[in-house]
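Novice: Here's the feature list from TrEMBL:
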DOMAIN    B:10-109  domain 'HTH hxlR-type'
TRANSMEM  B:14-32  transmembrane segment
COMPBIAS  B:109-120  compositional bias 'Basic and acidic residues'
REGION    B:109-141  region 'Disordered'
COMPBIAS  B:127-141  compositional bias 'Low complexity'
DNA sequence: CCGTATCCAACGCGATACTG
DNA sequence: CAGTATCGCGTTGGATACGG
């Protein structure tokens, strides 16, 4: 249980647990950059994530009201995810956190990637020096 | 690996990974409330945490410059941890995150625990073994 | 196309025992 | 006192196969 445990007493802890997932912030970043996106689109933008986990994360973000899920029962079905107002609110705070971290890293003499002007919410786990075969094949687009 | 992976490219992701640990924010909260504390003291304040994990978290926070570790090679040894300036900076942002989460939860009709006036950084997982009493008393600082 | 169900391997954490 | 080493188990996430 450990991290799965429903604490939810402390708002902070609660929201932190939502962002905690390894891909979560990256997904948010994709939605931020690309706007409303379909499931497959997101999956393609987040190399290495499995459908299972992507679904989990999306569901969690949805139940939190951070993303909106729009389902069209066409054939084939079309599902579109987008950031809600809460997602935007969250971004503002996250940007501050990002900025703070940047300052620290700069002070530490580490090169920071780039400022851009928006938060790039979070990159995926790097594949390079991974001990385990992290992501398998890239879905050739 | 997934979440253990060293991403460290994005500052946000980097700092998020530091806060991610189940006990991390709770430890910060203890340091916030009680001020500089010794290892055993912290451990006692975070019921259920193991020495191993506490050490890990402390080391991480230390290497990030969020907490300061002061070691006195007396017999018996005395090690004192305290928040640094970065720890304080972090708290400000974390407070905002906390506030945001509170608003959401309030809007969702969920009762929020209490406002107090400071962040109570994070309760431990309500694990089966040691259900920790959420918070102790009033903000001390 | 958008998922869900299942299996399995990796990891995280707690408990315990031991060292300086 | 302040850790470190080791072990075991629960949780998590990837891969795969299947369903709507």
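Note that Cβ sites are derived from N, Cα and C of the backbone, with glycine treated the same way.
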Novice: Mean pLDDT for the domain 'HTH hxlR-type' (B:10-109), rounded to an integer?
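Specialist: Over the domain 'HTH hxlR-type' (B:10-109), the predicted model scores a mean pLDDT of 92.
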Novice: Within the domain 'HTH hxlR-type' (B:10-109), count helix residues (DSSP H, G, I), strand residues (E, B) and coil residues, in that order.
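Specialist: Output for the domain 'HTH hxlR-type' (B:10-109) reads 65 helix, 14 strand, 21 coil.
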